[in-house]
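Peer 1: Below is the structure I would like to discuss, written out as structure tokens.
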Amino acid sequence: MKGISMLHHRHEIEALRGWAVVLVVAAHAGVSGLAGGFIGVDVFFVISGYLITQLLLKELNSTGKIDFLAFYARRVRRLLPALVFLITGVAALLYWLPIPIDQEPQRKAAIASMLWMANIHFSFMDMDYFGPQASDNLFLHLWSLGVEEQFYLVWPLLLLVIHRLARSASPAITVILVASLLAGMLAFVLWPVHAYYQMPFRLWQLAAGGLLAASPWFVQSSVLSRHKTAQAALGIGLLVLACVLLSSEGLPYPGPLALLPTLAAMLLINAGGEHDLVRFISNPLSRSLGAISYSLYLWHWPLLLMAKALAPGSAIMTLAAVLLAILLAWFSWRLIEGPTRRLETSRPLRWLAASALVTGSVIAVTVNLPPVNSLADQEQVSAQLYSNISMPRIYQTPNCDDWYSSDTVVECVVTTAGKDAPRLLLVGDSIGAQWTPALEAIALAHGWQFSVYTKSACPMLDVEFHYPRINRRYTECETWREKVLEMIAKSPPDVLLLGSTSGYPFGATEWQNGARRLLEQKLPAQLQVRYLAPSPVLPFDPRACLLRSASTSGNQLTTTGCTVDLAEVQRTDLLTALRRASAQLPHVRIIDTAPIVCPDGICPALIDGIPAWRDNQHLNAAYVETLAAPLEQALDLKH
């Protein structure tokens, strides 16, 4: 089997690594305009596929076989020492610094990372890489190492099979690439979280680099050879375009947009370095960053999260974290990566045995590392905090909220009463459903029937909704909402309550028109309706803020630094839109929930010792229960 392009050290690939890691670090550091810089990881995938395929094809063409033990030993020497340094270093920082972060998820993620399974771990945790939970795990970024290591497990075997069965590797690699690409696009629609993390759905990007390595005719094409500068310019343009597009919130990824950085990396690799444009981007600084890119990638994310935990919103702390990451990366490259790569390699079995021993040791220490001093106190405070945070009881009812898994309607009965008792019905998404504890107290006090229909992320507006989490139109929501409205038309309650979050990607005009259509056209005339306007959303994670405040307040839960003025977070534009939508409907009242949630014009994360929010937008059920009296007064229910 033939097919291998140039195999020698290429400075422009080192520089491309440097630019890729700069994009990733800038995105994670919150640099304005570079939120899409996470595509640097896609560039790394293509580079890895290219270089590994080159090495394997060279070995196959010269010996007709692959020394699997030697290959895996090289991968271990390349990747494991710096990873061990990172995990032990982060453990030490967590041990000594007063960082308010839940320890158990870090332990589990560290263990998964040492086993090269971080991507599988986060995938089955349903961890949205772009969601608010992402900032809770110091090892989230190691998902990409899992993808690469799993690629290294299967790729040599695939190439060996191809070598035995085919004259050229290119057609077979093309088939693998296309199959993985199609599978990835299908997963992107059906299982978006798995599409992001799982190796089979990312294999096509690594195979793209492999195809380039296996196709010397492509590299040496006379047409392409004459237009190296144009290739490089197009590659840079595609990278810039991808960054710009993906810096806009709400665009799902990977999916078709992942083609942009993948093609960009292929073009830049193929362009080579013998022309001015690539020589310009392959400057000494970018090559130096490329040399330390692996260790810099390892260190930047946990240090940025720690800086954010210690000093939220501090640009100086963010800059300090980046500079420290560069320093530690240089140290790791100089004193750990370099020396271990130069060690004797003739006995790969010893390397693999040593790596297994080191991995097992790190896992054992990670599992059994006891909390000390302030960490023990912090974990006690954390346990106290989380023990006071709860969700409404309705979520204990089977299938009460099927989310996007079905459009089945399930009535969640909260209180029962005589058949002639007034009937209260709440319909809404999870923000609407958060009011259940207060409404239950009101219903019990007056002997009313009270039920809930809820579907998470389903707006109480007559609109189409493309749900970013599932990367498609949320048809289950639309069908479910129509079914509920039909049931209401057949058997109207005495009072209908509606509620939605402010987090949907709709402007005030869409809110107004969607609410008007629902209220005027979808509901029985003269039905008494109370529309609960969206409650305030905090600009910070209240749990992390309270824990951080406790770490500097003698491990006592306080609101220091965890309070925001209501004027800063109240969505008056949506409140106005709802009022305009119902202006000609006297039987509809819009309830401004903001002053109920945030008395006296301020929104503290802790009120009378009770956490007010369970995350940055959902109210804590224990707190909602205390709001029964002001909510009843605002609802003005005359039954």
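The backbone N, Cα and C atoms fix where each Cβ goes, glycine too.
TrEMBL entries are annotated by machine, without manual review.
Taken from TrEMBL, the feature domain 'Acyltransferase 3' applies to 11-332. Annotation source TrEMBL lists domain 'SGNH' at 410-632. Residues or ranges marked as transmembrane segment by TrEMBL: 21-52, 79-97, 109-130, 150-166, 173-197, 203-219, 231-247, 309-331, 351-369.
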Peer 1: Who are the chain neighbours of the transmembrane segment (21-52) in space, where the CB to CB distance is under 8 Å and they lie at least 6 residues beyond its ends?
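Peer 2: Tertiary neighbours of the transmembrane segment (21-52) are 13, 129, 141, 144, 147-148, 151-152, 155, 202, 205-210, 212-213, 239, 242-247, 249, 253-254, 258, 260-262, 264-266, 269, 286, 289-290, 293, 296-297, 300-301, 304, 318, 321-322, 325.
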Peer 1: Grab the pLDDT values for the domain 'Acyltransferase 3' (11-332) and give me their mean, rounded.
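Peer 2: Overall, the domain 'Acyltransferase 3' (11-332) comes to a mean pLDDT of 89.
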Peer 1: Six or more residues out from either end of the transmembrane segment (231-247), which same-chain residues have a Cβ under 8 Å from its Cβ atoms?
Peer 2: 23, 33-39, 43, 224, 253, 257, 260-261, 263-268, 270-271, 275, 277-278, 281
